[in-house]
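Per Swiss-Prot, the features are:
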- Gly12, Ser13, Gly14, Lys15, Ser16, Thr17: ATP binding site (BINDING)
- 4-200: domain 'DPCK' (DOMAIN)
Amino acid sequence: MRYTVALTGGIGSGKSTVADAFADLGITVIDADIIARQMVEPGQPALNAIAEHFGSELIAADGTLRRRALRERIFSHPEEKAWLNALLHPLIQQETQQQFQQATSPYVLWVVPLLVENRLYQKANRVLVVDVMPETQLIRTMQRDDVTREHVEHILAAQATREARLAVADDVIDNNGAPDAIASDVARLHASYLKLASQFVSQEKP
């Protein structure tokens, strides 16, 4: 298994910005959210199963999934959320493993929004948390997704707390300030991860 740095953070924390900065340095990025979206693209078996289970009104005229409608449908129905997870999780896991096998960089950045909730930090060699104040998360997400404050507060309440994420962190990027600061933080961490990955490889050799 390649040396793995798991990247996590709450909604609106700036995970994608940080992941893009690592990708610019030539690091393979495996993003759980992107894989999950790919699983429900038109023509994918999972999308057909969702349409059958929830009804064709969840499919837009262009054949794509109406994500917001699905989120609203499962938000207050735990049994429907469980059904969706049972459908998607094995597919996501399979695709994730395949991407790990195809990775070519010295280490892999594995972006997992629900790293703490699903205890997936146990599968990584190191955990990097993008940290922001809850109020910043609210404002950024409201602007980005064009949703109400109440909607974002519901999502935040369902996610792991800031304290729970920081408790499993080996490294932290503070993203409360200007986005320009991220590049220097990522460059510093990248140098450190290259050393750790190199040590990991030498330890693994018989």
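Cβ coordinates are placed from backbone N, Cα and C, and glycine is handled just like the others.
Everything Swiss-Prot records as a feature, shown here on the structure.
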residue: Gly12; record: ATP binding site; contacts (Cβ under 8 Å, 6+ apart): Val132, Thr136, Gln137, Leu138, Ile139, Arg140, Thr141, Arg144, Val152
residue: Ser13; record: ATP binding site; contacts (Cβ under 8 Å, 6+ apart): Val130, Asp131, Val132, Gln137, Asn175
residue: Gly14; record: ATP binding site; contacts (Cβ under 8 Å, 6+ apart): Val130, Val132, Arg140, Asn175, Pro179, Ile182
residue: Lys15; record: ATP binding site; contacts (Cβ under 8 Å, 6+ apart): Leu7, Thr8, Gly9, Val111, Pro113, Val130
residue: Ser16; record: ATP binding site; contacts (Cβ under 8 Å, 6+ apart): Val111
residue: Thr17; record: ATP binding site; contacts (Cβ under 8 Å, 6+ apart): Asn175, Pro179, Ile182
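In the three-state DSSP scheme, Gly12 (ATP binding site) falls into the coil class.
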